[in-house]
Structure formats: structure tokens, C-alpha cells
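The feature transmembrane segment is assigned by TrEMBL to 54-75, 96-118, 133-155, 167-188, 194-213, 321-345, 351-368, 389-408, 414-436.
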Amino acid sequence: MMRDMTKGAPLGHLFLYAVPLLLGNWLQLAYNAVDSIIAGRFIGRDALAAEGVAGPVMNLVILAISGLCIGAGVLMSEAFGAKRTARLKETLATTLLFGAALCCAAAALGCALTPWILRALAVPDSIFSITGIYLRIAFLGAPFTFFYNALAAGLKSVGDSKTPLKFLAFSAVLNAVLDLILIGGLGFGIVCSAVTTVVAEAASALLAAVYLARRVPELCPGQGQWRIRRDLLGPILRYGAVTAVQQAVQPICKVLIQGQVNALGVGAIAAFNAVTRVDDFAFTPEQSIATAITTYIAQNRGAGQTARIRRGFAVGLRLELGYWLLMGSLTLLLRRGILSLFVAGEGAADVIALGSTYLGWMAVFYALPALTNGFQGFYRGMGKMTTTLIGTCLQAGLRAAAAAVLAPRVGLPGIAFACAFGWCVMLAFEVPYYFWTCREL
């Protein structure tokens, strides 16, 4: 169902739009865990390791895909808000055609370069072959991943975040069922695991395409609109490239911070692995609310509704802080019980103690990313992608630097303090620039 955010109460639009995004993100987190469990339990350690090696490589591909789709989504939201239906359809057509060609070329190149990629990653000989097979199949599935993400971006741009959730849920369930039957029941190996993932991705893309053609004529390109328009491709690539780079910064920062944690010993590593799972459930809803803010602001900017932009952003920030109060309180109250789910036996008490101290600080600090995500959503909706990139680079770079200084001195809590420092610097950049940006409204 399309949602016109240029009229009506901002709170209802933002809340109802964000909830399906949140559920979809949680579903993806749960599915990733289930997929690894099935591979590890039914195929073995080597299969789990092969998936672990291929994961970061494919994450880079997915970052590029999602960056392109997010950039296109902002432009489509603006066109929808301005009631420019032809431009909306042409933007989607340009995205699909260019993205399909790019993904097919990337898939072919990835398959050809797989041996060199694995050697660069120093993959052990014992899993080199199966990892190569798994990675090649994953590369071949990239075009399907793109098609789903592009079509989902189109639906989200017109305010429909529920339908993409349904397709994602179907894909996740289909993948899990196929894995359980073919791997758990019939004993197929790692190749089957990769193929079922691609089949599920293709199914979600097909469902989205059929739905778009039959149920959303306002979005489906017609005859004469299936072409790549250079005047639209430029902004799509500009927005998409900046977003992709921005998303790549965070994983790089996490690798650097993990190196600092590794130096603290096995107990700290185990504790950090557990607390990052809690962090995911804190950050993901804040990012979902930020995405709702982006769509709301882009639609209203396209419609020229400047007063609604400010009002909606204020409501979005209140939603962000409201979630922080809920998540922060639950984390403070339940942190020891949550951590006990991840570890038992010898050394468990030390791991729980370390993780509990970390989460005690982070429960308070979660307010900071609630605010930074809100401002990031505002700037994306305003089309200021470079601003979001600068803010992210400041935050990630200074967080990694602070972790290098603090972790050796105060241990795992130093990582929490480093996170807080990075977010504070990010806000020091974003808040003044917000008031400058408001002068343009």
C-alpha cells in the first residue's frame, strides 16, 4: 500500500513505515544466524568456515548494490512527493537497466577472480576448493539480490514498507526450508547451501516484479520508459556511490576495533562477540526510524512542503529517543541474563562480568546513535549524501583511533567510551550544519 507522507500526521507515517523495516532487519539477523547453524550442524566445520570467508566478500557486493538502490530511492521519493509519475517510473527503469548490466558484469568478473580473491585472503588449502565453489555461486546470485533491492527501494519510495517485508519473509522461510530438506534431510553439501540462497533471492525478486506489474501501475515503467536516461543516471550514481562508500566505512572500522579487542584476551573476545549482538538489536531499529525519516523528508521536499520537513524531523528524533529509553532500560535491567544465553561453563563468569560492564555504559550511550541516525536520515532525505559521508568518516575514524588509545588502558569499557567519543564528534559536526541547512528551506 502506497503512503503519501506529504499530508497527515508525521508520527503515524513515520511509525507505521518504520515498523516493517524493523521487522525485516530483525528477520535478516535471525535468518543469517539460522543459515550458519544449518551449515555448521549438518555439513560441518569446513562448510561453516567457507560461508564465513565468503560472507565479507559478498558483503562488499551487497554494500554497492544497496548504495545504488538507496540513491535511487531518494530520487524516487522526491518524484512521488512532487506527483511526477513519469519521472518516478523513468528513475526506476534507469536503475533496473543500468544496475542489471553492472551486476552481471560484476558477477562474471567475480567468478573469474575468485581464486585470486581467496589467495589474497589466505584461505587454508583444506577449504580453498569448497569456498571457491560457494563464492562463485554467490556471485551468480548478485543480479537477483540487486533486482529485489531495487524493486523494494521503489516500493519504499512511495511509502510501502510492508510489501517488501512480506517478500523478504517468504525468501527467508523458503531458504530455511530448502536447507533443512536438502541439507539436513537428504545430506547435500555446501553447493546446495549456496544454490538454495540464490533460489530464494530469485524468488523474492520475481515476486516483487509480479507485484509491481499487477498492483502498482503508478510505479511500473511503461512502453517508451524502459531506457537509461543519462540525466537521471548521474544523480543516481552520485547518491549511490557516496552511500556505498559510507556503508563500507563501518565494516572497516569494526575490523580495526576487533584488532584492539583481540589483544585483550579470549575472555574479552568472547564478551565482545556477545555484546555486539545486543548492539545490533539496539542500532537496527534506530536505523529503521532513520530510513523512515529519509523517505518522509524526500517526499515532502519533492512536494515543496518545507514546514512539514521540520515538523516531521522533530517527530522522528522523538521516536529515536523514545526507542533509546526503551532499549537502554531493558539493557540495564537484563544485561546479565542476556549475556548468560551466550556463554556457559568455565570462564563464563568472567565473560558475563566484562560484557555486563560494557553494556552498562552502552545502555546510556545508545542515545547518541539515536540522534546521529536521525540526522543522517534528515540529510539523506535532503539529498546531502556527502554530508552523511563526512559525518560517518569522522565518527568511524575517531572511534577507531580512540579505541586504540583507550582499550589497552581500560579494557573493554574503553571500546564503549571510544564509540561515545565518535558519536559526540559526529553530532558536533551534524547539529550546526542542520541549522545551516534549514536556511535553505
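Backbone N, Cα and C atoms are what each Cβ position is placed from, and that goes for glycine too.
Relative to the transmembrane segment (167-188), the listed stretch 133-155 leads the set 133-155, 351-368, 389-408 in CB pairs under 8 A. Here the transmembrane segment (351-368) has long-range neighbours at 267-268, 270-272, 274-275, 278-279, 282, 286, 321, 324, 327-329, 331-332, 335-336, 338-340, 342-343, 411-413, 415-417, 419-420, 423-424, 427, meaning same-chain residues at least 6 beyond its ends whose C-beta is under 8 angstroms from one of its own. Below 8 angstroms of C-beta separation, residues 35, 133-134, 137-138, 140-141, 144-145, 147-148, 151-152, 154-155, 163-164, 167-168, 170-172, 174-175, 178-179, 182-183, 219-220 of the same chain, each at least six residues beyond the ends of the transmembrane segment (194-213), sit close to that stretch.
Long-range contacts of the transmembrane segment (133-155) within the same chain: residues 50-51, 53-54, 57-58, 61-62, 65-66, 68-70, 72-73, 76, 92, 95-96, 99-100, 103-104, 106-107, 110-111, 114, 117-118, 161, 163-164, 167-168, 171, 190-191, 193-195, 197-198, 201-202, 204-205, 208-209, 212, 216, 219, each at least 6 residues beyond the stretch ends and with a Cβ under 8 Å from a Cβ of the stretch. Between the transmembrane segment (414-436) and the stretches 96-118, 321-345, 389-408, it is 389-408 that has the most C-beta pairs under 8 angstroms.
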